[in-house]
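S.K.: Quick one: this structure, given as structure tokens, is what I'll be asking you about.
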Amino acid sequence: MLNPIVRKFQYGQHTVTLETGMMARQATAAVMVSMDDTAVFVTVVGQKKAKPGQDFFPLTVNYQERTYAAGRIPGSFFRREGRPSEGETLIARLIDRPIRPLFPEGFVNEVQVIATVVSVNPQVNPDIVAMIGASAALSLSGIPFNGPIGAARVGYINDQYVLNPTQDELKESKLDLVVAGTEAAVLMVESEAELLSEDQMLGAVVFGHEQQQVVIQNINELVKEAGKPRWDWQPEPVNEALNARVAALAEARLSDAYRITDKQERYAQVDVIKSETIATLLAEDETLDENELGEILHAIEKNVVRSRVLAGEPRIDGREKDMIRGLDVRTGVLPRTHGSALFTRGETQALVTATLGTARDAQVLDELMGERTDTFLFHYNFPPYSVGETGMVGSPKRREIGHGRLAKRGVLAVMPDMDKFPYTVRVVSEITESNGSSSMASVCGASLALMDAGVPIKAAVAGIAMGLVKEGDNYVVLSDILGDEDHLGDMDFKVAGSREGISALQMDIKIEGITKEIMQVALNQAKGARLHILGVMEQAINAPRGDISEFAPRIHTIKINPDKIKDVIGKGGSVIRALTDETGTTIEIEDDGTVKIAATDGEKAKHAIRRIEEITAEIEVGRVYTGKVTRIVDFGAFVAIGGGKEGLVHISQIADKRVEKVTDYLQMGQEVPVKVLEVDRQGRIRLSIKEATEQSQPAAAPEAPAAEQGE
């Protein structure tokens, strides 16, 4: 019999339910978590034995959204879900980051977490629900895991923090921050903000961590009721004698190697030391495991770098703890792009471009929470040559998607509103060199490229990556970390923002015991670094260019009567298609009668505006126009009088005497003066040549457009 075990609790404004024992009973653990009708089913499977020779922890996190959760059928050709979307990839990373550091060192058994969204309330984002589910499933499984963790989203509305805001509340919020952590410590922060202060951001992290304790308590209660026995897993015993022998051979040499400031040179020397040490030891004893020797050498490397930092000695490249590497900033480096910049910080370099397009270029995202249009695109590319390696080149990997999203968050707060700058903007960051913090170099490069393109951003933004080395109560916060310092440190802390405040904050903490005070020190040190970088960037370009690139489309906006939209579009889009072909422009019409004409040539745009104004001009009864005969029929002739409008001249209105045959008086294409006699309720126009010729006033051309009148 199915015997579900259920726990229900209040979490802010939402009710959360944890249920286990009902489904997927062959998995190591499975939990259905729901928060106000958004439900995510999370399973965990762990292998009891590690693969022979396994030297890393193979944790896989899959997050998948099912369209049936929102009562929809997939729109793809095959009508079923395909590969993970960008959003799904980002949420998989969000689940992975806080749980990965909680598995014990030396644990290399394969573990897979699968989170499936099975029901969705459009007001409740499934990401927090999935994170809670992963934490609960791992805690129930008996797999060695030092959790559970809690997860919370924090908003900032009317100067108040809001726990797990709804989608509608998020639209009003100046902050969207996700924080995850254990009972004692924060492990991960991911956020975007509208230029909030360091104190406001830190307050949000602390608030979210305090509020999520109720989740941890309830998962612990569920584990008491339904948890599986803890695995009898023990780490491999440490071979002290072997460790000492490896250290005697390599420690001093590695210490010297880590004084080489050039990354490639240092890596080459470290590789030589490692291979020579392993060769010496294998010659002494053939039974030794090469992988084990590699792990011992890595631990020595880590210790060398960390102990030097904690002792207050210069870092790997000779810098002090709060020094930033040399900066080189250039704009306008590519002649035909709309905006470009080359940003170099030490051995990290990004070539960033900005491209302007029309609303038609916006990306339509068919997401579970509903369809939305994105007019700001940010793409980050990390080719293998950037680290001096060979490798596959193809579609973006998880890391590239994650870094691109972080960089986008850093810039989003300063982007102009669509009504002020009606362009779709695409920023692409090509990482040409990498040694630490390429995502933050992308933020700096994007700010420069956007200003070079003439995008009126609200402020320049810059980003910096911070690191932390901590032993006991002794800790050092490092500014502008290298790749090696990232791998060997205890925290990776990325901050982007303007002079006014923070636009994006990302933290990944690998150890417990990071206090509010340490985070405060890191944030303040990051502010100093950010202001320094902004100062250097402002020397290259201190404001957006006054005009957009000559190669970018210029968007001209006019307003027409909404009742006339159908005339401009025409039957089946025939008129607007002919207009775009004739004028060489892109024309977009909104429901309120706003017409946007995009063209790289000003004359083409003027031509399009003139034609649209002709089409939408009101026909005045009693007025005389010059028209052109378009069709001849037995009972009269049809005459075009400009603006795509056509009227009928009845045979009785052609001349002041009886007309037997229309062709005796009129030819196709002939220009004739016509007077408008009537426009009926269906918009049909009755014309007269007879009355027009009788009238003494000269014939009028169709109304000239306002743009021309002003010239």
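All positions are counted from 1 along the displayed chain.
Backbone N, Cα and C define each Cβ position, glycine as well.
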S.K.: In Swiss-Prot, one of 298-320, 551-573, 689-711 is tagged region 'Disordered'. Which stretch would that be?
M.R.: 689-711
S.K.: What does the DSSP secondary structure composition of the domain 'S1 motif' (622-690) look like, as residue counts for helix, strand and coil?
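M.R.: Grouping H, G, I as helix and E, B as strand yields 8 helix, 33 strand, 28 coil.
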S.K.: Can you check which residue among the binding-site residues ASP486, ASP492 has the largest number of Cβ atoms within 10 Å of its own?
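M.R.: Neighbour-count leader: ASP492.
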S.K.: Could you check what DSSP calls ASP486 (Mg(2+) binding site) once collapsed to helix, strand or coil?
M.R.: helix
